[in-house]
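The feature signal peptide is assigned by Swiss-Prot to 1-23. Sequence annotations record features per position, and here Swiss-Prot assigns disulfide bond to 25-144, 62-193. Under the heading heme binding site, Swiss-Prot lists 80.
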């Protein structure tokens, strides 16, 4: 079974990488109602903090991604950097936005930095991303990873539009409201992150 990265995820948050979780996803996760979707589907996001609820490996990852939505279809360009091995990998994802709010289930192709497809999406693997909070500068998202009909566990990520920026007071409050503490999260600021901003510019 493939293990899943802790950084998507942005999302992210790639179904072909090496950081994973196992166990059922939380069943009481729903998108925050009334959120302006433009707050999330605008600009580039950097994962500054992540919480893997059941980690299996110790490699640390950096990630950035750009989500866009048009007529209910979400498309994302994701970049991941393994801070331990100094390696990069790239994905293009696509999914459908749920009618209930800022929540979508996506599948991903593995591509190179020029976006040429290296591996088509595995139809049995997906993740559902739920936006718990978002404002002009930062966001909190929950991700449920799946292989077929089996949940592989919960992943929370804090996103900001600026590299190494702290989340807003509103997003910090959302972390607390989710029953979590930001101190539980792994911060990416000191990992020596590298990014490919050209790739993530849709």
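Cβ atoms are placed via backbone N, Cα and C, with glycine included.
Within 10 Å of the C-beta of residue 144 (disulfide bond) we count 22 further C-beta atoms, all protein chains included. Cβ neighbour count within 10 Å across all protein chains ranks 62 highest among the disulfide-bonded residues 25, 62.
On a Cα basis, residue 80 (heme binding site) lies 18 Å away from residue 144 (disulfide bond).
Here the Cα atom of residue 80 (heme binding site) is found 23 Å from that of residue 25 (disulfide bond). Residue 144 (disulfide bond) carries a strand DSSP state (E or B). Around the residue listed as 'heme binding site', taking its Cβ as the centre, 30 other Cβ atoms fall within 10 Å, counting all chains.
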